[in-house]
Each structure stands twice: as structure tokens, then as C-alpha cells.
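Since the structure comes first, as C-alpha cells, the remarks are kept for the end.
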Ligand SMILES: O=P(O)(O)OC[C@H]1O[C@H](OP(=O)(O)OP(=O)(O)O)[C@H](O)[C@@H]1O
Ligand SMILES: O=c1cc[nH]c(=O)[nH]1
Ligand SMILES: [Mg+2]
């Protein structure tokens, strides 16, 4: 799939291995998620639009490119996607942040919405959705559905670990988006957790278990 980009950089792979270990504690886990998001963002934002502005160097005036400031919105899927936001904001501090609250039903594994607030106007922005885990893809599809219903058009989705089933479901529902993944794991278990994965990303970021 052309729109699925697996980021194979050794720094990303090394940090994902640290995330996977069950001995990695909350503060290191949180820091790693942010660092990985920043490294993934470096790649995912390589087509950010630029505008030329005039700058005076100590030598002379010149026209030189800067990021067109109002163009980016980061939209984490709560809770776990929040852990990736500062990684992107480190790269583009002027980005706006929207939030989509979803949790998976423990029995059906289907997502339930509890919050949605997006920056206005959303239609003109490049939107980067963040969620460390793409498992069945239900949450990802629902999040992109919401964003499109609110007028979002240019959407990139960043996931640290993805399962093949989730990738397929998301890209079948939304073939126009670009999906950036840090690693594609091999399967889901009977509770729809990614194997080998890293466990429950939200609980590990926020220390809730
Ligand atoms: O692809 P899916 O099968 O939908 O699963 C992935 C979703 O599950 C996790 O969220 P969770 O429901 O655990 O909520 P949390 O982030 O609040 O822990 C994860 O952060 C994703 O949003
Ligand atoms: O493996 C998984 C699947 C869904 N959500 C998680 O946090 N981890
Ligand atoms: Mg969770």
C-alpha cells in the first residue's frame, strides 16, 4: 500500500524496543513516546508548506523559507495519543491541537466517542492524528470519520505500532490518508491486543495500571 509508510530508522526501532520491555517504567515510557513522535514527525512533515519571507542577515536582506504557521493541527486520540503531541509540538510549536476522545469497549473492542474538539477552520489545515497503537483499526477509522465530518481534508495518521488488520481496516475506509507507522507487528490476540506490542499504551503512559 503506497500510503502506508513504515519508518525503519534505527533510532525509532531502538526506542520502540525500549517501549516494548515490561521493565520500562512510566517516566521513561512517556519520554520515549514523545521522542519517537518527534522522529516520526520529522519524516511525516517533510511536505509541510513553506512561504518565503524577507530576513535581514548581518550581511544583507534575502528572501528565505519559513513554515506557513497556521497550517498544522495535531489531533491526538485520547488518551494514549496525547503522549505523542509534544513530540510534534517540539517541531512545530505554532501547531493547533484538537482532541478526539475514544475508548474501546472491552467486550466488542469497538470504539466509543466521549469528546471531540477540533481547531477551526479545520478544512485548510494539514491534520496529523496521533495514536501509538493501531490494533483493530476501529478507533482510527472513527477518528478520521469525525475529522472528515468536521471538514478535514488533508490527513496523516501516526501510529508507533500497528497490526496488519488495523492497517487494512483504516486504509480501506480512508484510502486518501497517509499512514506513518514505526513498526508493523504480526497479529492481534483474542483480546484485540497487538502481539508482541507493548501492552496498553494509555495505561503505560499515564501509570494507571
Ligand atoms: O485499533 P483499536 O482496536 O481501536 O485499538 C487502538 C486503540 O486502543 C487504545 O485506546 P484505549 O481504548 O485503550 O483508550 P486509552 O487510550 O484511553 O487507554 C489505543 O490508544 C487506541 O486508541
Ligand atoms: O495492543 C494494544 C491494543 C490496543 N490498545 C493498546 O493500548 N494496546
Ligand atoms: Mg488503553
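Note: Cβ is positioned from N, Cα and C throughout, glycine not excepted.
Listed in TrEMBL for this protein:
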BINDING   79, 104, 131, 132, 133, 134, 135, 136, 137, 138, 139, 200  5-phospho-alpha-D-ribose 1-diphosphate binding site
BINDING   194, 199, 200, 201  uracil binding site
DOMAIN    8-208  domain 'Phosphoribosyltransferase'
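Sequence features, as recorded in TrEMBL, placed on the structure.
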residue: 79; record: 5-phospho-alpha-D-ribose 1-diphosphate binding site; DSSP (3 states): coil
residue: 131; record: 5-phospho-alpha-D-ribose 1-diphosphate binding site; DSSP (3 states): coil
residue: 137; record: 5-phospho-alpha-D-ribose 1-diphosphate binding site; DSSP (3 states): coil
residue: 194; record: uracil binding site; DSSP (3 states): strand
residue: 199; record: uracil binding site; DSSP (3 states): coil
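Among the binding-site residues listed (135, 137, 139, 194, 200), 200 have a CB atom closer than 6 Å to some atom of ligand 3, in sequence order. Among the binding-site residues listed (131, 133, 139), 133 has its Cα nearest to the Cα of residue 201 (uracil binding site).
Between the CA atoms of residue 131 (5-phospho-alpha-D-ribose 1-diphosphate binding site) and residue 194 (uracil binding site) there is a gap of 14 Å, rounded to the nearest whole number. Summarised as a single figure, the pLDDT of the domain 'Phosphoribosyltransferase' (8-208) averages 96. Comparing the Cα of residue 135 (5-phospho-alpha-D-ribose 1-diphosphate binding site) with the Cα of every entry in 194, 199, 200, these being the binding-site residues, the smallest distance points to 194. Checked against residue 200 (uracil binding site) by C-alpha proximity, the binding-site residues 133, 137, 139 yield 133 as the nearest. Cβ neighbour density within 10 Å is lowest for 79 among the binding-site residues 79, 131, 135, 194. With respect to Cβ neighbours within 10 Å, the binding-site residues 137, 199 differ, and 199 shows the lowest count. Across the structure, residue 137 (5-phospho-alpha-D-ribose 1-diphosphate binding site) and residue 199 (uracil binding site) are spaced 16 Å apart at their Cα atoms. Closeness to ligand 2 is met by 201, these being the binding-site residues among 79, 131, 137, 139, 201 whose Cβ falls under 6 Å from the molecule.
The sparsest Cβ neighbourhood within 10 Å, among the listed binding-site residues (133, 139, 200, 201), is found at 200. The binding-site residues recorded for this entry are 79, 133, 139, and the Cα of 133 lies nearest to that of residue 194 (uracil binding site). Excluding 194, 199, 200, 201, which define the uracil site, the same chain contributes 80, 132, 133, 193, 197, 198, 202, 203, 204 within 8 Å (Cβ to the Cβ centroid), listed in sequence order.
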